[in-house]
Each structure stands twice: as structure tokens, then as C-alpha cells.
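Take a look at the structure below.
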Amino acid sequence: MAVQISPAPANASGRRTAAAAGVALVVIAGAALESFLLPALPHIQHEFGVDAATGALAQVAPTLTTVIVTPLAGRFADVYGAKRTLAALLVIVTAGGLTSAFAPIFSILVLGQVLQGFALGVLPVAFVVVRGLFTAGAIATASGGLVALTVGGAGLGVLIAGPLIENTSRAVLFGIPTAVVIIGGMIFFVSRARLALRAQDGPTRIDWAGACALSLTLIVTVVWLASTSSSGWLAPGSLLLLAVAVALTIAWVLIERRVAQPMIAVATLRSRAVGGAAAMGVGIGAAYASLVYLLPQQISQPADGYGLGASATQTGFFLTVAFAAGFVASPIAGRIAVRLGTRVVGAGAMLVLATGTFVATLSTEPAAIIAALAFAGIGAGSASTVAFSSATSGAVEHEVGVSTALVTIARAIGGAFATQVVASIISTSATAAGGVPDLSAFRIGLLIAMGVAIVGAVLALLLPKGSGRSLAPEPS
């Protein structure tokens, strides 16, 4: 049985709607906060008088925070309940947003970005809320809605960050989404929706040994990926970091096999619903991140060659096509998955993503770029919906948070790894060509992304045949 807050039956539907709306605002604002920095970073570097290498710290800091916080936030929601966990996250994210908005020196801004990194920890907690608010049959559609909000928030951030920082101030840039986070949190908690505090038969404590081992593994993996861009894949330092990451992964698995209440049960990783979703997540992240890295690089090249001479603002408009397509497709994919099953929709979505990467190799004209980004947005958004829906529905009640966190991490690691691979191809070509990459290098990178997407379609076959409606037993 689950310990629950029980509102009057007549108001239950309205309170559930208000709670969902509050979480939606938090998710979309948190995603916008995370995406604001990239287009605004050059302006921020100029404001504080720091070079690009120093400015990159503001971008790396939230990434490191995210890889630590995401699984922990999911697990805290499983152990202590979504409401308590969400309250803590909202306080930290709000502090981060305000610190970033009013930081007097760059080091304080970096601190604000570290705190803002907690924003993506809201996503696995939001899936725990979805599991508590909606019936089993509605989980796939609700999961699609969450994915759509994440994509929409990130796209909105990329689109408006430049104009905001250029025409207003840093305080406005970070203050607006922070205010939306606060408003969303207030709506959620004022709603007093019926939501399980925690499952009585679930875990009662955090596996700190497993959490530390997993966090160290993820941090070393991120540092290894970052080191390859400057040192190369076969440099002694890079190989050492890779060896340490592998050793930490083995240590983490051994720890999880021995503790009574593991951070992530090894049996969960082996399940089709969760393990299959995580494997598919790697493919989604790798293929999509490669495309959205390569195409902006390609279109920014001089217009007298194969490029379009696109400015940063114009590049943002191109990328908005992918975000908009994903925003529309994600909830639709959830509805289709209820009818056709996660396996069919997942494989089909990955093939749509592969189509987008293939279209990008055919032409450098704006129409082809827009079509490629539209296909990619539809494919990645739909595939993410299926993966999160599978993890949410297929996990037992007290593992929903950490299971969806696994999918989030898998997408991030897959994207980071693939981006470094295709970036090295472009860099090698640029060095050989005297500074301007050859078009063939972009096409090789895009074909690699297409191959990864096709592999992702095969990995989608690991998912359960079901619709996401009842992949796991209903909570008692």
C-alpha cells in the first residue's frame, strides 16, 4: 500500500490537472535554463572579460552537476517521494537561477551554473509524478507530453536567449525562466494533488556506496570524452581515463550486486523495459547529437562554398525546426504507442531519425537542411517518448525515478561520445584542408549518425511488445 494524501473526490480531477500543469511549467522552464547558456555564452564572456577557455567552465559545470544529480534525484524520489524531492530541487534551481542572474564576478556565475545543473534532475522526478497522477493507459501519452515540454523548453531557450541577452540583460535572461520555475512549483504544491509519498514496500534508504561509484563513473566518463578533443583518443591521458571509467563501472556493478537496497538493481538493467530503453537511449543521443552538431557547423561555413554563411541567430532558427518537430511529434508518438506497441513505434522512430541524417547528406541547400532537421526532430522526439514510457511503465513502483534517470543519462553519454567522434573527423579534415573542413567530412559524420540510428532501430526491438499500458504490475 502507498501512503497518500486524499483530497475530496469532487476536486481530485482539478487538482490532478493543476499538479500536472505545475510540473509542466517547471520542466519547460528548467529545460530553457539549461539551453540558455550556449547562445548567450559569447556575450557573457565579453561582459566578464574572460576568454573562451575560461568561459567554457560555465558550460561544463552544469554538465558535471547533471550527471551526478539525475540518478540521485530519481532515487530520492523513489525513496522519499516525488513531492519532497521536487521541493528540494526547486529551491536549489531557483538559487542557481538567481545567482546566475546577479553574479558580480564570473566565478559566482559558475557557481550559479553548478546549481542550475540540478534542473535536469527534475525530469526523472516528473516521471514519478506522472506514474502517480495518471492511469497505466495514460502513461505513454503523458510521457510524450513531458518529452515534448523538454524539447520545447530547450528549443525556446536556444531561440530567445540571443535576443534577450542582446536587448535586455543577464538578469532578465536568467530571471524569466527562474520566475516560471517558482510559479510552476507554487501551482504544483498548492494543488495538493493525490500523490503517493512513497511506496511502503519500496527502499527505505539511499545506497550511498553505489551512488558514489555511479557518480564517479559518470564524471570520469565525461572528463574522458572532454579530454579526447584536445589530446586525442589514443593519448596516454585519455586511455588512462578510459581505463579508470571501465574500472569504476565494474566496481559499481559489484557494489550493486552485494547491497540489500541497491541504487540501481542489476535485474532492472537486464529487463527489456528499462535496459532496452537505456540501450535505445544511447542510440537516440548519439544519432541526434551528431546531426545537431554537424549541421550548424556546416551551414556556418562561407556561402561561397558549400556553407550558407549562417549567423548564430540564423542557426538558432534552423535548429528550431528540429525542436518544433519534436515538440509536436512526442505526444502523438505516445498515443500511437498505446495502439501499436512500444517496439513498433520505437523502431519506426529511429528509422525516421536515420532518414533525417540521410537527407542531410544529399544536399547543402536550405530546404534539405530544414527537411533533415524536421525528420530528426520527429524521430528523436518520438523515440525518446517510447524509451521514457517503457522505463516508466516497466519499472516497479519504487524504481520509476531511477529507471527514467538511466534513460536520460544514456542519451547524454551517447550524445557526448558521438559528438566527440564526428568533431574529430571535422577537425582532422579542417587541419588537412588548411582550416576549412571538406564537405566529405560532414557527409562521413552524417553517415555514421545514420548507421547509429539504424542500430538504434534494432535496439528498439529489445523493448517489450506491450503498449506501455501495463508493462509492470499496478501499484497496490
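Glycine residues also receive a Cβ, built from the backbone N, Cα and C atoms like all the rest.
The following features are taken from TrEMBL:
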type: DOMAIN; residues: 15-468; note: domain 'Major facilitator superfamily (MFS) profile'
type: TRANSMEM; residues: 20-41; note: transmembrane segment
type: TRANSMEM; residues: 53-74; note: transmembrane segment
type: TRANSMEM; residues: 86-109; note: transmembrane segment
type: TRANSMEM; residues: 115-134; note: transmembrane segment
type: TRANSMEM; residues: 146-165; note: transmembrane segment
type: TRANSMEM; residues: 206-227; note: transmembrane segment
type: TRANSMEM; residues: 233-255; note: transmembrane segment
type: TRANSMEM; residues: 276-296; note: transmembrane segment
type: TRANSMEM; residues: 316-337; note: transmembrane segment
type: TRANSMEM; residues: 344-362; note: transmembrane segment
type: TRANSMEM; residues: 368-388; note: transmembrane segment
type: TRANSMEM; residues: 400-422; note: transmembrane segment
Taking contact to mean 3 or more CB pairs closer than 8 A (sequence separation of 6 or more), are the transmembrane segment (276-296) and the transmembrane segment (400-422) in contact?
yes
The transmembrane segment (146-165) versus listed stretches 20-41, 115-134, 233-255, 400-422: most Cβ pairs under 8 Å:
20-41
Given the cut-off of 8 Å on Cβ pairs that are 6 or more apart in sequence, determine whether the transmembrane segment (233-255) and the transmembrane segment (206-227) share at least 3 such pairs.
yes
Can you tell me which recorded stretch out of 86-109, 115-134, 206-227, 368-388, 400-422 has the most Cβ pairs within less than 8 Å of the transmembrane segment (53-74)?
115-134
Could you name the stretch, out of 86-109, 115-134, 344-362, 368-388, 400-422, with the greatest number of CB pairs under 8 A to the transmembrane segment (206-227)?
400-422
With pairs closer than 6 in sequence left out, are the transmembrane segment (368-388) and the transmembrane segment (344-362) joined by 3 or more CB pairs under 8 Å?
yes
